[in-house]
């Protein structure tokens, strides 16, 4: 197994983990939102009011429910599968590019599931109970292209972040991810501190586009870090 395509295929050996679990998480997030909508209706809230729609469209349930799992998926794609891939004769470069290929396919799958759910949501009048799940502000306000782009970039970024933590674990053991996490937290805090005066400019114009570009940049940096980590990592 000395090419990237074989590595990508290797990652999909656990189809339940890669395909079934993300779909189930999105379905569960949808179900919870439907239950919340039913509860709000029983509480006497008008589902056609502007306040109700604005509040529900601020729903972050989909993103918050799946983001952590995607990071985990990225971690295990490197930390647990890399030693096995090396034992089968893959090179470190092929493994890195094959893993990126897996991230891209995985991102496309999750985005496709989100698109299907958005279609059902619109056809059913928001799940028959005015529950705004995929038709939310963070996912593009019901715009299919924006939803696909957002979920794709989010998934790719979370997987890539998980991958670099997995690579650091392979290279340095349990202390590696801890050190990396603390370092990134400090850098993020400093970045926020120094960028506060420029927030108005940063969040002017197409904010969503800026966030998507930032996500892709983070993913690129993370994947470069993954390769650098695996290039000198010893297989245990």
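Quick reminder: no glycine exception, Cβ is built from N, Cα and C everywhere.
Positions annotated as transmembrane segment by TrEMBL: 19-41 (among others). Using a Cβ-Cβ cut-off under 8 Å and counting only residues 6 or more beyond its ends in the same chain, the transmembrane segment (19-41) has close neighbours at 12, 47, 52, 56, 59, 61-62, 65-66, 69-70, 73, 106, 109-110, 113-114, 117, 121, 126-127, 129-134.
Per TrEMBL, transmembrane segment is recorded for 61-88 (among others).
Positions annotated as transmembrane segment by TrEMBL: 100-120 (among others).
Marked as transmembrane segment by TrEMBL: 147-170 (among others). Below 8 angstroms of C-beta separation, residues 63, 66-67, 70-80, 82-83, 99-100, 103-104, 106-108, 110-112, 114-115, 118, 134, 138-140, 176-177, 179-181, 208, 212, 215-216, 218-220, 222-223, 225-230, 233, 235-236 of the same chain, each at least six residues beyond the ends of the transmembrane segment (147-170), sit close to that stretch.
Counting only same-chain residues 6+ beyond the ends of the transmembrane segment (177-199), those with a CB under 8 A from a CB of the stretch are 164-165, 168-169. Look at TrEMBL and you will find 177-199 (among others) tagged as transmembrane segment.
Residues or ranges marked as transmembrane segment by TrEMBL: 211-230 (among others). Under 8 Å from some Cβ of the transmembrane segment (211-230) lie the Cβ atoms of residues 78, 82, 92-93, 95-96, 99-100, 103, 149-150, 153-154, 156-157, 160-161, 163-164, 166-168, 170-171, all in the same chain and six or more residues away from its ends.
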